[in-house]
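A quick write-up on the structure given underneath.
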Amino acid sequence: MVLFFQIMVWCIVAGLGLYVYATWRFEAKVKEKMSAIRKTWYLLFVLGAMVYWTYEPTSLFTHWERYLIVAVSFALIDAFIFLSAYVKKLAGSELETDTREILEENNEMLHMYLNRLKTYQYLLKNEPIHVYYGSIDAYAEGIDKLLKTYADKMNLTASLCHYSTQADKDRLTEHMDDPADVQTRLDRKDVYYDQYGKVVLIPFTIETQNYVIKLTSDSIVTEFDYLLFTSLTSIYDLVLPIEEEGEG
């Protein structure tokens, strides 16, 4: 029994060391899995307590303070290591989560949104919108070129992809983690966001033909970008009648 718990303690210490190393090397991925990591951490406590209780059933009543000490130790490690908490008031032992990093990330996101919005406004005022009409393919070509022009200025990649046949659907989703799930969402006309925030797929229909607007980025693509680029398609429609009247 003693040997078992000694091995378990050293495994936990090794696991904590691995966690610290992973945080240095793969900080973003570790943050994504933080909820699962913390659940695993407390599961280890429960398993250890159950093993000890199995061999010493009366210990829960005669040595309950041992359970309490270990539980507090797990909670403190969770607070200081996993939640990056620090002591705010030494006398009151008050703990709070360090939110500085979160605020910095939010500030960066805000600046990114503002820069993209400014670029969007500048392009609308200074870049001509060339309209293609006469057929569905011509209209789609015009939309595709418009999206690519704006995306290039915003450090994004945009394309209008065919999505009518099963071959089109398979081609679009072949590199996705779960192609069937992505296709199901797009068939329901739901916007798809990948779990890493790098890809957004937006269902788009031109008369009887189905398309998907694909937005990708090396940094992040959000609902904000989805709204900007879908508004471009509406602007394109507003310009189209003017061009047609001019031809008449």
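Glycine too: its Cβ is placed from the backbone N, Cα and C atoms.
Per Swiss-Prot, the features are:
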TRANSMEM  4-21  transmembrane segment
TOPO_DOM  22-41  topological domain 'Cytoplasmic'
TRANSMEM  42-64  transmembrane segment
TRANSMEM  68-87  transmembrane segment
TOPO_DOM  88-248  topological domain 'Cytoplasmic'
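The average per-residue pLDDT of the prediction over the topological domain 'Cytoplasmic' (22-41) is 82, rounded to a whole number. Long-range neighbours of the topological domain 'Cytoplasmic' (22-41) within the same chain, counting only residues 6 or more positions beyond its ends whose Cβ lies under 8 Å from a Cβ of the stretch, are 74, 77-78, 82, 195. Taken residue by residue, the topological domain 'Cytoplasmic' (22-41) breaks down under DSSP into 18 helix, 0 strand, 2 coil.
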